[in-house]
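**Student:** Sharing a structure with you now.
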Amino acid sequence: MAPLPLPIAAITSPHPSKPHDAAAAARPAASSLHAALASLSQQQAHSHDGALRDAFALVARAERQSSPAAAVSVGPEVYASLLQCCVAAESLRAGRQVHAALVKRGPYYCRNAYAGTKLAVFYARCGALADTERAFGAIPERGRNVFAWAAVIGLWSRAGLHAKALDGFAAMLEAGVPADNFVVPTVLKACAGIALDRAGRAVHGYAWKAGIAECVYVMSSLVDFYGKCGQVEDARAVFDAMPERTVVSWNSMIMAYIHNGRIDEAVELFYEMRVEGVLPTRASVLSLLSASAELEAVDGGRQGHAVAVSSGLAIDVILGTSMINFYCKVGLVEAAEAVFEQMEERDIVTWNLMIAGYFQYGQIERAFETCRRMLESNLKFDCVTLASIIMARVKSCSMMVVSAAHGYAVRNDLDSDRTVACGLIDFYASTGRIEHARQVFSAMSQRDPVMWKVMISTYADCGMTSEALKLLDQMQLEGMSPTAACWDSVISAFIRNGQFKDAIGIFNQMLLTKTRPNLRTWSLLISGLSQNGMHQEVTNLCCKMQKVESAPSPTIYSAVILAAKTAASVHCGKAIHACIVKRGLLLSRSVIQSLLKMYSSFNDGVTTDSLVRLLAECSK
C-alpha cells in the first residue's frame, strides 16, 4: 500500500448555492485537471511511486486557486478522477481521505452519482465490504448504473456471499439496469458457489437474449460454471463453440475436467492447448498437479511437471511445493527430492512435505538430515514438522527422539496443538507410559472430541476399562457428547476382556444419549456375542436394533449375518433371517447374497436353493 499522500487542502471558501451556475466558465480548467489526473493515474499504474502524491498536490493547488465563483472547477468529477489514482495505487487510506473531502463539501458532492460510483468501485477493488455497501447505498437509486452494481455484486461474490450476489443481480434487473459482460460472469460464479444449476442456466439464457453470450469472458465463465456444477459435457459444448479462446478459457475447461476427476481428458486438453500455441499458465500446471496428487494419477502429474519445464515456468516456492506434494503422494520420493534440491527458495510447507515424504516411505536418516538442514536455514519446526517426527518414532518406539520433540514443543508453545498432542499420547501409550500420556492430555486447555477419543481409546486398548469409563463420564460432565467412536472403544475393550455384560451395559447407556450407534457399534457387539455362543443375547440385540433403528440399512443386516456365519451359529442366523423378513429387506440383493453365504456354510441346501431362486427373481 502506498504511503499517505499530501492531504487535500481544507475548503475555506463558501460553496455557491447553485454549483451549476459556474459550470461553463470552469469547464476548460476542469478538463485540463481531468487530463492531468488521468496521466498521473497511468503513471501510478506503472509503479510511479510519487504519482499519487502529485495527484493530491494538483487537486490541493486547484482548490487554493479557485475563487468562489469558479469553485465548481474542482467538482465531484475531479474527485472521481482522483479516486482513480487511488485505485491504481491500491491505497485504501488515500481513498478514504478523498471520500471525507466529498462529504465535507456537502450533499451535491457526496451524493453525486458519478463520484458515488467511483467510490463503490474503489472500495470494491480494495475488498472493503462494509465501505462498498455504504458507498453504494449513498448513490441515489436512479443513479445506480451498471458499474456501481457490478462493483457491489462482484465483491459479494468474491467474499463468498453468493446468495447476496444473486439477490443483487435480481434487484439490478428489477431496477431496469441491464447486465453487461462484466456482471454476468460474476453472477455465474455465485451460481457455481452454491451449486444453483438451474439459476446458472437461466443466466446463460439471459446472456443470449442480451447479446453477450459469445463474449469470450462470458463463455469462459460458463465453462467454469458448468464444470463446477458437474455438467462437463455442457462445459465442453460451450468451450467448443467459442469463436476465440484465451488461456483463461483453456484453464476453465481443464479445471472442469479435473474438478470432475477426468484427469486423462485434462491431460489431453493440455496437449491440445500446446498444439494450438497457447502457453499454459502457472495456474494450469498447479491445478493439474493438485488434482493428480489427490487422485494419485502419476501420468497426469508428470505431464504437469513436463509442461512447466517446457513452458519455461520458474519452479518457485508455490510451483515447486506443489510438485513435491504430488511426487510424495504417489511414492516417487526421489523425484520429489530432485525438485526440492532444484528450488532456490523454500518455505516451511516445502520442508515439511519433504520431511513427511521421507518418513512415510521409511527413509528415516534422510528425514532427520532434512530436519537438520531446515534448522540451519533459520527456520523453526512447526506443529506439522513435530507431528511427522513423533508419528515416525511411534512406529520405532524411539524414546529419546520423541522426548526431545516433546521438549521442543513445550519450549516453542506447540504442545497445545491437537496433532502433536495426539501423536505424543499414541507414542507414550505404545511404550506403556500411560501416565505420561495422561499428563499430555490433562495439559491441553481445549480438548475436542478427537482428543477425548484418543485418550479413551488409549485406556481401553491397555485394558484399563475403568479409567476409560471414568474419562467417558468426565467428558459428558464437561458438556461434550462422546462420539460413537468413543463408545466403540470401551465396548470393544470389554468384549476383548470377556466382559460381555459390561459391554451390553455400556451399549444401553449409549442408547440413552444423543449419539446413535453406527455400523461398527452393532458389528462389534453382535460379532463378539455370536463368537462366544451368546445366541439369545444376539437375538435380543437384533430385536433392539429394530426398535432403535427406524430403518436399519441392508448393510447393517449384512454385517449381522456375517457375524452369525463367522460364529457358525445356526440358531442366531435363523433368528436374524426372521428379523429381515419382518423388516421387508429380503428383496435387497446384498442381504440375500449374505444369507446365501451363511446358509452355505451351514450346509442348508434347501434354504440355499430357495434363496438362489429369490435372487434370480430380484435380478430380473
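Note: Cβ is positioned from N, Cα and C throughout, glycine not excepted.
In case it's useful when we look at the structure, here is the feature table from TrEMBL:
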REPEAT    246-280  repeat 'PPR'
REPEAT    316-346  repeat 'PPR'
REPEAT    347-381  repeat 'PPR'
REPEAT    448-482  repeat 'PPR'
REPEAT    483-517  repeat 'PPR'
REPEAT    518-552  repeat 'PPR'
**Student:** Give the nonlocal contacts of the repeat 'PPR' (347-381) in its own chain as ranges (CB under 8 Å, at least six residues past its ends).
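**Tutor:** Contacts of the repeat 'PPR' (347-381) (Cβ under 8 Å, skipping residues fewer than 6 from its ends): 317, 320-321, 324-325, 327-328, 331, 333, 336-337, 340, 388-389, 391-392, 396, 408, 412, 414.
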**Student:** Average the pLDDT scores across the repeat 'PPR' (316-346) and report the rounded value.
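**Tutor:** Across the residues of the repeat 'PPR' (316-346) the model's pLDDT averages 93 on the 0 to 100 scale.
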**Student:** Treating G and I as helix alongside H, and B as strand alongside E, what does DSSP give for the repeat 'PPR' (483-517) in helix, strand and coil?
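**Tutor:** Taking the repeat 'PPR' (483-517) as a whole: 25 helix, 0 strand, 10 coil.
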